[in-house]
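Below: one structure, written as structure tokens.
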Amino acid sequence: MKFKQDFFTQLPEFYAQVYPQGISNPHWLAWSEDAAKLIDLQQPTDALLQGLSGNAAVEGASYYAQVYSGHQFGGYTPRLGDGRSIILGEALGPQGAWDVALKGGGPTPYSRHGDGRAVMRSAVREFLVSEALHHLDVPTTRALAVIGSDMPVWRESQETAAITVRLARSHIRFGHFEFFCHSERGQADKLTQLLNFTLKQHYPHLSCDLAGYKAWFLQVVQDTAKLIAHWQAIGFAHGVMNTDNMSILGDSFDFGPFAFLDTFQEDFICNHSDPEGRYAFGQQPGIGLWNLQRLAQALTPVIPSDDLIAALNQYQHALVQHYLMLMRAKLGLAARANSTAEQDQQDLELIGGFTVLMEKNQLDYSNTWRRFGQLDPSSAHSSLRDDFIDLKEFDAWYQTYQARLGKVADIEAWQQARNSVNPKYILRNYLAQEAIIAVEEGNLAPLERLHQVLRQPFAEQVEHEDLAKRPPDWGQGLIMSCSS
Ligand code: AMP
Ligand code: MG
């Protein structure tokens, strides 16, 4: 790995230097060839294993934990920081640089009462979801590998420690800006320093002045809106949308008790620690805005409120437009260039009408969409019909749909296009769980198979058909614990 160390050298007051403590008997549990290419790595070598487990120094690495704060479940925590993630620096690759972080690398000055470690199940889940989202075309941080160990760690019971090697275009979070606004009150110079760094690294076309800052914030609003539109379209619930888990670049970031929807349920809660459903699936668009408002508040020392508000006002439009684009593609509706507000509203009603029907009939979100790939949209008798109990309701919806769809010239091409946007394979919680149980028993094969299948979520892969099934009884609506 070749590193540059821009964050480390340019922002010395924004982190604590800290070295990983190493783990016993490190071994590869998973490795992503796709992520490796991003930083010019070829093979999971022994030297790399020792380096990334923290047992040996990695040449050129700097080792630091960043400081930030954040709103957690609505309340402000003035100091968080990387409690168990140690960044090695920005590794250079063919298409740019990627922060390399050892998540679970050991305690840092920000660990508070934690042990700085991650348990195997959460490391594996972070790896799998990073791969799954990326191959579903959803912006996300990446994962290079999972390293297992025989080091015991205590959660509700004894488990073993593991490390996810995370790659991120940036680790800068909304919470970084909050920290330098609220916790280091009066230090507008630091806020500006962080802002200038962010712009120079990631928005080189923008100038480091008020015009640039305004354009940048609008970009953050739009990127966040697009990210959440993606989550809603693909049926992904993040689970812990605290502002310290929001990437400034609009990547899916910091995974815990996330879930892809099985049965469609608008108010689905995947996080055991969120009984009120603050982060329920259907709440995500509103929370995205709430989080952006917290970011805007933190930026008031450097950007006038009116400009911040003007940018925030773009959020809903950006989100709806992106969502419409993604959902029109799922349904096979022609994109509408320059559509009117009335047309958009009609399409939103058509989409919403279908998800309401899905919910009423307790249908599987992804598998139902996938069935559009076999649909003959010119036929009055829809092959989807048998999935619905109230046929009158379905027929009414289908009629409206057909009228909006119009004539499809090439049905086969239309069906193929549906299969290229409606995935067959998603990372269902029960599949992750099965892979994790196998890893606990020393069998890596199910994890490897699941990983490989998720690299081509839109392909048929008939020999892996079982991985596209709805969960068995034990795996339905699994609610994951926050402990990780
Ligand atoms: P998360 O919910 O994973 O985003 O974590 C919230 C905060 O708790 C972050 O500052 C983490 O670094 C910290 N944290 C979570 N788990 C641990 C742990 N086992 N040891 C130390 N810090 C932790
Ligand atoms: Mg976090």
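Cβ from N, Cα, C; glycine included.
Any TrEMBL annotation is an automated prediction that lacks curation.
What TrEMBL says about this one:
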type	residues	note
BINDING	Gly81, Gly83, Arg84, Lys103, Asp115, Gly116, Arg166, Arg173, Asp254	ATP binding site
ACT_SITE	Asp244	active site, proton acceptor
BINDING	Asn245, Asp254	Mg(2+) binding site
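What TrEMBL annotates, mapped onto the structure for a quick look.
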residue	record	CB count, 10 Å
Gly81	ATP binding site	23
Arg84	ATP binding site	23
Asp115	ATP binding site	15
Arg166	ATP binding site	28
Asp244	active site, proton acceptor	23
Asn245	Mg(2+) binding site	21
Asp254	ATP binding site	22
Binding-site residues close to ligand 1 - of Arg84, Arg166, Asp254, only those whose C-beta is under 6 Å away: Arg84, Asp254
Listed binding-site residues with Cβ under 6 Å from ligand 2, out of Gly81, Asp115, Arg166: none
Largest inter-residue Cα distance among Gly81, Gly83, Arg84, Lys103, Asp115, Gly116, Arg166, Arg173, Asp254 [record-listed ATP binders, Å]: 22
Whole-number Å value for how far the residue listed as 'active site, proton acceptor' lies from Asp115 (ATP binding site) (Cα to Cα): 19
